[in-house]
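Have a look at the structure below before the remarks.
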Amino acid sequence: MTTTTDARRLLGGAADPKVLRELSGEELDALAQQIREFLIEKVAAVGGHLGPNLGAVELTLALHRIFDSPHDTLLFDIGHQAYVHKLLTGRVEDFDTLRQGDGLSGYLSRAESEHDVIENSHASTALAYADGLAKARQLSGEDDRAVVAVIGDGAMSGGMAWEALNNLGGAPERPVIVVLNDNERSYAPTVGGLADHLQQLRGQSDDSIDWLVKNSSRISAGEGTGGPLPVAHSLFELLGFAYLGPVDGHHRPSLEEALHLARELERPVVVHAVTAKGRGYEPAESEPDDRMHTCGVLDPATGAPAKKASAPGWTSVFADEMCALGDEHRELVALTAAMPGPTGLAKFGERFPERFFDVGIAEQHAVTSAAGLATGGLHPVVGVYATFLGRAFDQVLMDVALHRLPVTFVLDRAGITGPDGPSHHGMWDLTLLGAVPGMHVSAPRDAAQLRELLAEAVAYEDGPTALRFPKASAGADIPALERIGQVDVLHRSSVADILIVAAGPLAAPAIEAAEALQAQGIGVTVADPRWALPILPELTQLAARHHLVVTVEDNIRHGGLGAALTRALADASNATPLRALGLPGRFIPHGNRNDLLSQAGLDAEGITQAILRACAPEPFQPAKER
Ligand SMILES: Cc1ncc(C[n+]2csc(CCOP(=O)(O)OP(=O)(O)O)c2C)c(N)n1
Ligand SMILES: CC(=O)[C@@H](O)[C@H](O)COP(=O)(O)O
Ligand SMILES: [Mg+2]
């Protein structure tokens with residue numbers, strides 16, 4: 001068992017990674033082992049990205065020994081693999097708070113450390129940051145400060161990475177160092193031509209390093225590379241990079257040699273480090289699906305989950321319904337952006353392998369490829385996390401909706417996700433999709449509705465549809481008292497003063513609030529529009545029969561359900577006042593989903609209090625005080 005004290009002792013207690021350069025090889029090897037033990041113990045206790053970080057121990061040690069952060073800049077793509085970086089930059093003590101409210105972020109955080117740069121956990125951005133930062137360094141005369149971007153083989157399959165490689169490789173005067181952390185996986189094994197190419201490279205000897213070692217004296221003497229590099233045998237060299245690899249990503253001395261050479265070359269370089277996700281922890285190394293890419297609370301001794309999931313999550317309901325619909329609709333196909341497991345589509349893929357496509361971490365490609373599939377007469381379902389759809393908004397708008405193509409988007413992790421923080425909350429999709437002409441968006445309130453609405457969506461051929469649901473258990477089914485058109489009435493009172501329109505699973509706290517208000521003599525109707533956007537005429541008519549309308553959505557208020565219903569009421573020349581409850585238009589930190597919803601006033605108490613405030617007469621204020 002490694003205690004925080006052990007790790008700090010080995011780290012010399014300093015927040016400055018320079019202490020690493022004073023450690024011997026033996027001490028460094030001992031430190032690597034202690035870091036692994038520390039990670040297993042701490043991440044098993046709270047959950048997190050155990051697999052990726054166990055695979056990045058030696059790599060991160062080498063990076064901090066060869067480069068002088070923060071004078072030199074280390075960029076981590078996604079940032080889920082940066083726990084070791086955090087330990088080496090003074091955050092050992094706080095590690096028990098990982099991914100918890102007010103605690104350490106599970107990604108990089110500029111507020112936490114000057115060593116952290118990219119906070120966005122969306123993949124494939126680091127090389128573009130590196131391109132821009134290198135240009136800034138050059139223009140400000142600081143080109144003695146190295147720019148190093150660590151990117152996984154999964155993230156390297158994203159379009160942005162190739163846009164950046166094009167720019168970086170074409171600028172020999174800007175020596176950006178790309179460290180490709182190749183563990184052959186995103187969650188699942190990586191797929192496609194790049195994955196095949198990297199496999200070839202992994203099988204080749206690291207002759208480029210031998211050559212560079214033999215020529216390093218000329219290089220160090222500032223003669224640059226002199227003659228041509230070894231015959232290009234990688235895609236990267238064809239794009240203008242020097243290629244150093246494959247390097248054993250768990251042999252720190254080899255890594256340090258390659259990184260040192262990369263720095264000496266003074267030109268764009270790709271260092272190809274071959275690592276293993278979950279390295280050094282058998283339960284992760286043998287985990288068949290994703291090598292503990294992300295894990296919940298575990299028994300560290302066995303790797304077994306500490307607690308069983310309570311009710312089935314939304315994802316598993318979706319997974320089962322997709323398989324049922326796949327039997328019924330032969331034209332149904334499914335696409336994922338390297339997340340077959342987390343989106344639940346793996347099950348469909350096992351059942352219908354020829355109708356399932358994993359396109360890599362490439363949401364833009366997924367959407368427009370889906371447009372192609374729909375053009376070919378099929379009905380694609382694109383399964384992505386809500387937050388990642390933002391990257392493919394142009395493709396949704398112009399490649400799908402402009403052509404009124406029958407593509408269904410299933411947005412998992414919609415709304416507040418919780419521990420993954422601001423770039424993972426799926427809190428913009430209603431706003432974005434509400435702006436897409438012809439797009440029909442639903443937010444199922446429970447598992448039964450998810451099944452119903454998914455069946456309606458995949459049968460709809462006149463344009464795109466979307467369903468969204470959160471990272472949570474699906475909860476108990478909420479029966480409708482009646483259905484008016486497409487609108488389900490979930491709660492009603494004899495005197496209908498107020499109408500609460502709830503999107504998705506926020507119907508449950510809305511009903512609780514209605515019951516609390518009824519006990520205070522306030523009559524409330526609760527309605528679930530089922531198809532939330534565009535606004536249904538029957539919803540506008542129902543609203544017009546109430547004195548106050550309150551919308552509740554797990555999305556930002558700007559441009560969401562509330563904004564749309566406000567416009568619909570105005571268009572119908574209806575002056576019924578509307579109070580839109582939703583998330584604030586700012587980035588929301590990581591924390592527990594229910595705590596964050598409560599802080600936003602989106603639990604039963606918050607909804608109740610908001611309505612009481614809306615009903616309370618404004619205290620009279622003499623004109624002079626206004
Ligand atoms: C745009 C985007 N899509 C999907 C994800 C979800 N995601 C998080 S980590 C990950 C796999 C990353 O694989 P890789 O870059 O190889 O890093 P590794 O975990 O293997 O170290 C994915 C798909 C994301 N962060 N960003
Ligand atoms: C880093 C990343 O984008 C995902 O691994 C993220 O952690 C989602 O985790 P869940 O699948 O647990 O929501
Ligand atoms: Mg990988």
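Including glycine, each Cβ sits where the backbone N, Cα and C put it.
Database features, via TrEMBL:
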BINDING   His80, Ser121, His122, Ala123, Gly154, Ala155, Asn183, Tyr281, Glu363  thiamine diphosphate binding site
BINDING   Asp153, Asn183  Mg(2+) binding site
DOMAIN    312-476  domain 'Transketolase-like pyrimidine-binding'
## Note on the structure
Smallest number of other CB atoms within 10 Å: among the binding-site residues Asp153, Glu363, that is Asp153
### Task
Can you tell me which of His80, Asp153, Asn183, our binding-site residues, come within under 6 Å of ligand 2 at the Cβ?
His80
### Query
Max Cα distance spanning His80, Ser121, His122, Ala123, Gly154, Ala155, Asn183, Tyr281, Glu363 (thiamine diphosphate binders), Å?
32
### Summary
Neighbouring CB atoms within 10 angstroms of the CB of Gly154 (thiamine diphosphate binding site), all protein chains considered, total 31
## Note on the structure
Those binding-site residues among His122, Asp153, Gly154, Asn183, Glu363 lining ligand 3, judged by a Cβ under 6 Å from any of its atoms, are Asp153, Gly154, Asn183
### Query
Far apart in sequence but close in space: which same-chain residues, 6 or more away, have a Cβ under 8 Å from Asn183 (thiamine diphosphate binding site)?
Pro52, Gly55, Gly152, Asp153, Gly249, Val274, Thr275, Ala276, Lys277, Arg291
### Message
Let me check the 10 A CB neighbour count of His80 (thiamine diphosphate binding site). How many other CB atoms are there?
### Response
22
### Query
Counting only residues 6+ apart in the same chain, whose Cβ is under 8 Å from the Cβ of His122 (thiamine diphosphate binding site)?
Ile78, Thr387, Phe388, Arg391, Ser423
## Note on the structure
Here the mean pLDDT of the domain 'Transketolase-like pyrimidine-binding' (312-476) is 98
